[in-house]
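Single-structure report; data block below.
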Amino acid sequence: MQYQLLINGVLVDGEGERQSVYNPATGEVILEIAEASPAQVDAAVLAADSAFAEWGQTTPKARAECLLKLADSIEQNALEFARLESQNCGKPLHCVINDEIPAIVDVFRFFAGAARCLSGLAAGEYLEGHTSMIRRDPIGVVASIAPWNYPLMMAAWKLAPALAAGNCVVIKPSEITPLTALKLAALAKDIFPPGVLNVLFGRGQTVGDVLTGHEKVRMVSLTGSIATGEHILRHTAPAIKRTHMELGGKAPVIVFDDADLDAVAQGVRTFGFYNAGQDCTAACRIYAQRGIYDALVEKLGNAVSSLKMGTPEDESTELGPLSSLAHLKRVTAAVEEAKALSHIRVITGGSQTEGKGYYFAPTLLADARQEDAIVQREVFGPVVSITVFDDEDQVLRWANDSRYGLASSVWTQDVGRAHRLSARLQYGCTWINTHFMLVSEMPHGGQKQSGYGKDMSLYGLEDYTLVRHIMVKH
């Protein structure tokens, strides 16, 4: 099993404190990995800074060729990547193989093509005797911090656009789920020039702070919690670094009385509980119009209770464990707080399961109120609440009454209503009669405290570039 860091094109052992990496399906230790030392973090950043002088000047075609080689290599090693991700995260193996790996490969291939399409605007003469041009240039060294819910996919979302734009990257995966990023490092070292891509391991306070605070790092890209985002912004503010933040969500799912309730129930069953609900866009905050509320509660209860929990290796498993014991405790505490409210009804689930591993039963909580914590806070687990509403204005007000602004969906047969709400919902993405669906060509990112900047799409590529004005006198 690959456990070494990638620094300046060489795989090396960490020199810092050793940390245990767990299998969440069993609670057992997979292996121990040594963190990067401060000196190794410094070496990785300096290697990236040195490599940028040449990599930043390579042609888009040359960068695209490297990204395509990496995509091919991931595809060729798909089963090994899937097994590592499943073992380290507890994800059902078939979900990683069939859903995640193809999407990861596609992200690298998309940005390989996008790199060759990015250009500055050809301008003209805005001052007599002078011609202006616009360039889009790479930023420099990017520090990327990837989360533990989709370790390899989020690494791909960060690496592909940054490298395609001509930046050099030092990435730190979560210390909870580092195995696929470290495997990726072993493949990347034979594809990219030394220093272009560096992969470290360690905790935020020992490695992340040193990395993001390094004077040679010009941009920090984070997918994580609001608290982590706040910390990084405070930490990097004195150096005025560029930042790219995706900080979670609490997606409202608005169901009107003309919606297809069977489609809603099956949609929430999938989109609310995929990856054990550990997804920033999870369909977790349901608003149902009064006329269909009781019927939807019943249908959702039946759908959610039919989800099959099991071991990641079982092809029939739909719901795996949560990623860590600490997170299991957080999810349990959030549900217990909700259950303590006299008006909350537990339709199904509501507790962790017996036996080994960090499993929490798929949970549906009915009669939640707008002010309840279960409606306002991100649980990031297999927990969905449902709240009754009366009219369009009320539900729009409630849906926007959130510090989050990442994703939302509207379920209705009224096209006009769908357009009205999607125009007024304060979310980076609004789906109509579906949820959760993402493609490489379209941007993903939030507003409000869900952060700023876009992943995927040409907008994501542009986020990793600088706009520069060139003026020529003639």
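Any Cβ shown, glycine's included, is placed from N, Cα and C.
Under the heading NAD(+) binding site, Swiss-Prot lists Ala146, Pro147, Trp148, Lys172, Pro173, Ser174, Glu175, Asp209, Ser225, Ile226, Ala227, Thr228, Cys280, citing sequence analysis as support. Pro173 (NAD(+) binding site) has a Cβ environment of 27 other Cβ atoms inside 10 Å.
According to DSSP, Glu246 (active site) is assigned to a strand segment. Counting only same-chain residues six or more apart in sequence, the Cβ atoms lying under 8 angstroms from the Cβ of Glu246 (active site) belong to Leu222, Thr223, Gly224, Cys280, Leu406, His444, Gly445, Gly446, Ser450, Gly451, Gly453, Asp455. Per Swiss-Prot, active site is recorded for Glu246.
Per Swiss-Prot, active site, nucleophile is recorded for Cys280, and the stated evidence type is sequence analysis. Counting every protein chain shown, the number of other Cβ atoms lying within 10 Å of the Cβ of Cys280 (NAD(+) binding site) is 25.
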If you count the C-beta atoms lying within 10 Å of each candidate's C-beta, which of the binding-site residues Ala146, Ala227 ends up with the smallest number?
Ala227
Any idea what DSSP makes of Ala227 (NAD(+) binding site), helix, strand or coil?
helix
Over all pairs within Ala146, Pro147, Trp148, Lys172, Pro173, Ser174, Glu175, Asp209, Ser225, Ile226, Ala227, Thr228, Cys280, the annotated NAD(+) binders, what is the largest Cα to Cα distance, rounded to whole Å?
24
